[in-house]
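If you check Swiss-Prot, you get these features:
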| type | residues | note |
| --- | --- | --- |
| COMPBIAS | 278-288 | compositional bias 'Basic and acidic residues' |
| DISULFID | 54-123 | disulfide bond |
| CARBOHYD | 49 | N-linked glycosylation site |
| CARBOHYD | 58 | N-linked glycosylation site |
| CARBOHYD | 74 | N-linked glycosylation site |
| CARBOHYD | 116 | N-linked glycosylation site |
| REGION | 25-34 | region 'Nivolumab binding' |
| REGION | 254-288 | region 'Disordered' |
| MOTIF | 221-226 | motif 'ITIM motif' |
| TOPO_DOM | 25-170 | topological domain 'Extracellular' |
| TRANSMEM | 171-191 | transmembrane segment |
């Protein structure tokens, strides 16, 4: 029985469709470089993020990038992986691996680093198909230092002065005060003496004193005699004397109860002489 053979053009077309750029370059038999891990020494403060960079050039579809930490027994402990390995749910979420946009660099970060995170770290690349290969990077060290509390900046206290210098300062201050007091007394004495001299000079010369706001006012008392001239009174013209009119009444008291005698009247208009009265008639006369 003869096996049918595919025509050559069909085989050529299948080969063209199945080929992609770099397929031969990514051959598993071709040697590839191990990843790089930097920086070699990373020092951070407690509570800050610590970030390493792992660079891997052979990023084919079938690879895994792991992040390791060396244990005290010199064994590798897997912290995180890219792509993320969901088969190990107990991993610490503080350790993260993130691919950068260029596709070859990966950030491996410790979020909020602790003091016990200090140690040795490295990254490892695993190629799965068609043959598994594992290559590790060089090791790097992480140091997490203690965070110190920020002490508020205090103003430097002045250095203590010696006792002799303090006594000198006190003596200087007291001397300055005494000197100021003496100067003030001298100024007041000069002002008062000048004011007194000006007062005496003004009294001697008879000139009025000029007002001095700084001088003490001095009061003087002068005694004199006041002379009032007598002014004679102007004689007034004589006033004509008008004779006063006086009326006289005579009351005659009769001697008997049954007899009566006529009364006599006199006035100033009549004659001045009065008629004689009888002795038996009692009478009293007074001016009206």
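Just so you know, glycine gets a Cβ as well, placed from its N, Cα and C.
This view paints the features noted in Swiss-Prot onto the structure.
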| residue | record | DSSP class |
| --- | --- | --- |
| 49 | N-linked glycosylation site | coil |
| 54 | disulfide bond | strand |
| 74 | N-linked glycosylation site | coil |
| 116 | N-linked glycosylation site | helix |
| 123 | disulfide bond | strand |
For the topological domain 'Extracellular' (25-170), residues assigned helix / strand / coil by DSSP: 11 helix, 59 strand, 76 coil
Rounded distance in angstrom between the Cα atoms of residue 74 (N-linked glycosylation site) and residue 123 (disulfide bond): 15
Spatial neighbour of residue 58 (N-linked glycosylation site) that is closest, considering only the recorded positions 49, 116, 123 and their CA atoms: 123
Nonlocal residues around residue 49 (N-linked glycosylation site), in sequence order (Cβ under 8 Å, 6 or more apart): 109, 110, 111, 112, 113
Per-residue Cβ crowding (10 Å cut-off), top of glycosylation sites 58, 74, 116: 58
Those residues of the chain, 6+ apart, with a Cβ under 8 Å from that of residue 54 (disulfide bond): 35, 36, 37, 65, 67, 97, 105, 106, 108, 123, 137
Integer mean pLDDT for the region 'Nivolumab binding' (25-34): 60
